[in-house]
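Chemist: Not my notes, these are from Swiss-Prot:
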DISULFID  CYS156-CYS376  disulfide bond
Amino acid sequence: MAVASRLAVARVAPDGGAAGRRRRRGRPVVAVPTAGRGRGGAVAASPPTEEAVQMTEPLTKEDLVAYLVSGCKPKENWRIGTEHEKFGFEVDTLRPIKYDQIRDILNGLAERFDWDKIVEENNVIGLKQGKQSISLEPGGQFELSGAPLETLHQTCAEVNSHLYQVKAVGEEMGIGFLGIGFQPKWALSDIPIMPKGRYEIMRNYMPKVGSLGLDMMFRTCTVQVNLDFSSEQDMIRKFRTGLALQPIATAIFANSPFKEGKPNGYLSLRSHIWTDTDNNRSGMLPFVFDDSFGFERYVDYALDIPMYFVYRNKKYIDCTGMSFRDFMVGKLPQAPGELPTLNDWENHLTTIFPEVRLKRYLEMRGADGGPWRRLCALPVFWVGLLYDEESLQSISDMTSDWTNEEREMLRRKVPVTGLKTPFRDGYVRDLAEEILQLSKNGLERRGYKEVGFLREVDAVISSGVTPAERLLNLYETKWQRSVDPVFQELLY
């Protein structure tokens, strides 16, 4: 790769395997993203790392394209990475947990289950163990970024292990964790703020670019899957398919019907929130469906996205309002003379939030957080569609004549009406039935006996009742118009 020959990088030495981890138990680690590493070069929990970089000449656009191209992998090396967020709460009061309580949980996990701490300005802000990490979202949402795994059995085992560990430590502190897409009870002012530098910059910037950005930061939880591609053409097909079907996944996994103690008018308020968070960096990316689309076109898109920050001398420098294109030519007033490294590019790509996101893999970002069975079901659903050639081709054919207007309509209406959203001569539920069958077929052909993980999705589609509608029914009947029982209903 061109970039490899032009950057001399001082890298952190390996940790010496399991024995080394035991020696350093509970001590901070630093993860260094490099252009040559596989999935997850940057650890989600970490502050950005500062490589000792001697630039022989500035990065070019070709280097940025090459960074994305380096994600291409032969099919035998494709992996499945799952990320999921959850709300911590005090079992006695149902109140959101504060940073001090979260710090105690992180310390407890580090001591008891051999995780390494990640520290920013003397605050524990995450954990790392092998290729897994635990990080904190702005309002203290607890996120597991899973390791890249080969099968969905491994994925579900990882989810279960994580939930077991978090529950074991949390229960002793009177803390529970809730699997839902939007905070059902508490106002924005009730949510604690995590001590992470990048979030302070985002918190100040969000109200300038949309009315719901702070809700996105502090009151939402999602589950997403990260999947590989073999070539530019494979990436394009998967990107287009993922975007077209993202509203269908939003409907199936809709699980955020409450806000501040009552129904909010949506089945997936979390999904709706993204429509007025920051339209410069979110949405359905119609240009992905242009004939000219490829890695270079995505780089052009990302270059013009306003930046959030640059990380220098262990500090976040607020660069809001400037583009990465400005940075490429040294035109950041906040960091005069600074030029970007690949680290800066990698960090910038994490501040773009479309329904499907391209890094050196593709992220499917349309689903609400939910209980553990749905955390396993979401990656299964997408793997059956995108990792099987026959299913992927069938979906590509099915969606090839969908217009931008139709895709935008689904994106807009599904958060309100879910599976009952009209589409052409039927409903989203009809589409979901067809897509589910294609996913099952793809899983059968994979040959790992993974179809069973789709039972939860099967039940939703066959009944036509989304998880959110089930909760709304409980609210009106058994719960006597109180949201408090949801904390028990969706407790991990």
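Yeah, the Cβs are placed from backbone N, Cα and C, and that goes for glycine too.
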Chemist: Please report the DSSP secondary structure of CYS376 (disulfide bond), reduced to three states.
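Modeler: Looking at the DSSP assignment, CYS376 (disulfide bond) belongs to a helix.
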Chemist: List, in sequence order, the same-chain residues at least six positions removed whose CB sits under 8 Å from that of CYS156 (disulfide bond)?
Modeler: CYS376, PHE453
Chemist: Give the number of CB atoms, excluding that of CYS376 (disulfide bond) itself, located within 10 Å of its CB.
Modeler: 27
Chemist: Specify the secondary structure state of CYS156 (disulfide bond) as given by DSSP, simplified to three classes.
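Modeler: The three-state answer is helix.
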